[in-house]
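Colleague: Annotation source TrEMBL lists domain 'Pyrroline-5-carboxylate reductase catalytic N-terminal' at 20-106. Residues annotated as transmembrane segment in TrEMBL: 203-226, 246-271, 292-316, 347-373, 385-407, 419-441. Look at TrEMBL and you will find 248-381 tagged as domain 'Ferric oxidoreductase'.
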Amino acid sequence: MNDSSNCFPLQGMESVKPKTVCIFGTGDFGRSLGLKLLQCGYSVVFGSRNPNSSSLVPKGAESLSHTEAAKKSAIIVIAIHREHYDFLTDLADVLKGKVLVDISNNLKMNQYPESNAEYLAGLLPGCKVVKAFNTVSAWALQSGTLDASRQVLVCGNDAEAKEAVMEIARSLGLTPLDQGTLLAAKEIENYPLQLFPMWRMPCYVCAVLTVLIFLYCLVIEVFYPAATRKEDTSYLIVITIPNRVFPIVSLILLAIVYLAGLIAAIIQLYRGTKYSRFPDWLDKWMLCRKQLGLLALAYAFLHAIYTLVMPIRYYVRWAWSNYQMTQLKSNETYPLSNYYAWLSDTYVALGILGFFFFVVVGITSLPSVGNAVNWREFNFVQSKLGYLTLVLSTAHTLVYGGDRFIYPTFYRWYLPPSFVLSLIIPCAVLALKFILIMPCLDQRIMKIRQGWERKSKITNSSSLKI
Ligand SMILES: NC(=O)C1=CN([C@@H]2O[C@H](COP(=O)(O)OP(=O)(O)OC[C@H]3O[C@@H](n4cnc5c(N)ncnc54)[C@H](OP(=O)(O)O)[C@@H]3O)[C@@H](O)[C@H]2O)C=CC1
Ligand SMILES: [Fe+3]
């Protein structure tokens with residue numbers, strides 16, 4: 001379990017790397033970090049309130065009083081909650097000049113006016129405080145799941161102290177990222193408290209679309225028959241309506257992913273340069289395209305599963321046997337309609353292919369897979385196959401709807417069938433894309449993306465500079 005293969009043992013750098021690291025606090029984090037340090041070749045000494053009763057301390061580590069432990073190392077990791085920092089002021093003399101590593105996190109964002117690290121630095125002005133390791137969990141340290149992709153955000157006012165802590169992080173097989181002075185500590189402390197920051201907006205968009213489309217389907221498939229024919233079709237709420245909502249929202253989300261890039265291209269064309277910032281909303285939209293795409297994929301999955309259970313549904317079996325009974329009673333066999341045979345097979349085939357390419361695009365957006373392909377390959381899959389997915393899914397919906405949208409009987413209370421709604425944005429996106437790939441526009445966009453600027457733009461910006 002405790003795999004030490006990630007460690008980079010101390011070799012020939014003893015002069016800059018302290019061999020002994022002191023850890024104050026024998027709690028979850030202190031013990032896990034101590035064990036990892038031991039595995040990576042450091043000797044570890046714990047400073048504890050009860051040095052003799054600390055049976056949980058990893059084998060090979062020493063456990064002493066805070067004062068005794070502090071004397072053994074120039075670097076002291078404070079694995080104690082901020083609320084208990086006060087006792088450290090009594091140790092100010094022995095801690096003077098030492099590097100104190102603040103690894104603490106808070107329970108809430110901006111819980112205190114100043115960061116824990118700045119608070120610690122204020123308590124012990126004679127020490128060099130470095131913020132680090134708070135983004136690494138005790139569990140990750142213990143389970144051996146750490147690797148170089150795990151980043152450790154580090155900040156501190158003393159460059160040497162910071163470098164010494166970053167060296168320890170590297171020795172543990174982690175990637176330290178220098179975030180500057182202790183002023184960055186607050187942001188670093190807030191970082192692990194963020195709850196899926198990139199997912200918030202896509203989830204809102206998805207939830208709002210889901211509710212709106214659900215209500216729309218409810219009106220035309222449940223309320224309309226109830227009001228006009230006194231028919232109870234409320235059972236449709238369980239499978240039929242969700243199985244309309246999922247593909248519709250999925251297709252709209254997928255189209256929204258590509259709409260952002262198209263709007264960006266139009267803005268660049270209009271401005272004649274790529275060197276001016278996009279509006280904020282477009283920046284945010286561009287940044288959450290992956291999340292929007294993955295939500296769309298999740299909905300497509302649900303649509304596929306909901307469609308597969310069709311044959312076992314009571315309602316479908318009833319409709320099917322009723323259809324056969326009608327033929328039996330009237331003693332006639334309805335002839336095979338070649339038109340509908342083609343339509344239904346094409347519709348299913350387009351759905352399967354669209355879903356397949358959607359899964360391929362989704363898989364390559366995962367970091368572990370994305371890292372294994374080069375930029376061109378990634379671009380090919382995300383852009384070309386992504387558009388292919390959009391074309392196939394839109395065609396799937398178009399064929400499903402067939403020519404129904406032209407018949408007034410399908411307009412209940414003058415509302416178009418739900419599939420018509422799902423086609424508006426995708427068709428607009430595909431039409432826009434079609435216009436933008438016309439050679440005259442496509443070449444201009446390529447030139448702009450390679451750094452070309454329109455003449456008037458250059459004159460304008462140079463006159464601005466003057
Ligand atoms: N657990 C985790 O995954 C992570 C934790 N952290 C941070 O690490 C710090 C410690 O967390 P964790 O190990 O989980 O907490 P624990 O409660 O498990 O351990 C805290 C330790 O602090 C010491 N302590 C408790 N009260 C006092 C006191 N009044 N005076 C002096 N020392 C005291 C104790 O050690 P002793 O009895 O030896 O004195 C205790 O074991 C926190 O700031 C937390 O935010 C950061 C990242 C991840
Ligand atoms: Fe479908």
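Positions of Cβ are set from backbone N, Cα and C atoms, glycine also.
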Colleague: Could you pull out which residues elsewhere in the chain have a CB under 8 Å from any CB of the transmembrane segment (419-441), counting only those six or more residues past its ends?
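Modeller: Distal contacts: 213, 216, 244, 247-248, 251-252, 254-256, 258-259, 262, 265-266, 269, 387, 390-391, 393-394, 397-398, 400-401, 404-405.
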Colleague: Establish whether the number of Cβ pairs under 8 Å between the transmembrane segment (203-226) and the transmembrane segment (292-316) reaches at least three, counting only pairs separated by 6 or more residues.
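Modeller: Taking Cβ pairs at least 6 residues apart, the transmembrane segment (292-316) and the transmembrane segment (203-226) are in contact, with 3 or more under 8 Å.
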Colleague: Are there residues at least six beyond either end of the transmembrane segment (385-407) with Cβ under 8 Å to its Cβ atoms? List them, or say none.
Modeller: 247, 250-251, 254-255, 257-258, 293, 300, 343, 346-347, 350-351, 353-354, 357-358, 360-361, 416-417, 419-420, 422-423, 426-427, 429-430, 433
Colleague: Based on DSSP, tally up the residues of the domain 'Pyrroline-5-carboxylate reductase catalytic N-terminal' (20-106) by helix, strand and coil.
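Modeller: Residue counts in helix, strand and coil order: 35 helix, 21 strand, 31 coil.
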Colleague: Report, as numbers and ranges, every residue of the chain located at least six residues beyond the transmembrane segment (347-373) whose Cβ falls under 8 Å of a Cβ in that stretch; write 'none' if there are none.
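Modeller: Long-range Cβ neighbours of the transmembrane segment (347-373): 254, 290, 293-294, 296-297, 300, 304, 307, 381-382, 385-386, 388-389, 392-393, 395-396, 399-400.
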Colleague: For the transmembrane segment (246-271), could you work out the same-chain residues 6 or more beyond its ends whose Cβ comes under 8 Å from its Cβ atoms?
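Modeller: Sequence-distant neighbours of the transmembrane segment (246-271): 202, 205-206, 209-210, 213, 278, 282, 285-286, 289, 292-293, 295-297, 299-300, 302-303, 306, 358, 386-387, 389-390, 393-394, 397, 418-419, 421-423, 425-426, 428-429, 432-433, 436, 441, 444-445, 448-449, 454, 457.
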Colleague: Could you tell me the mean pLDDT the prediction assigns to the domain 'Pyrroline-5-carboxylate reductase catalytic N-terminal' (20-106)?
Modeller: 93
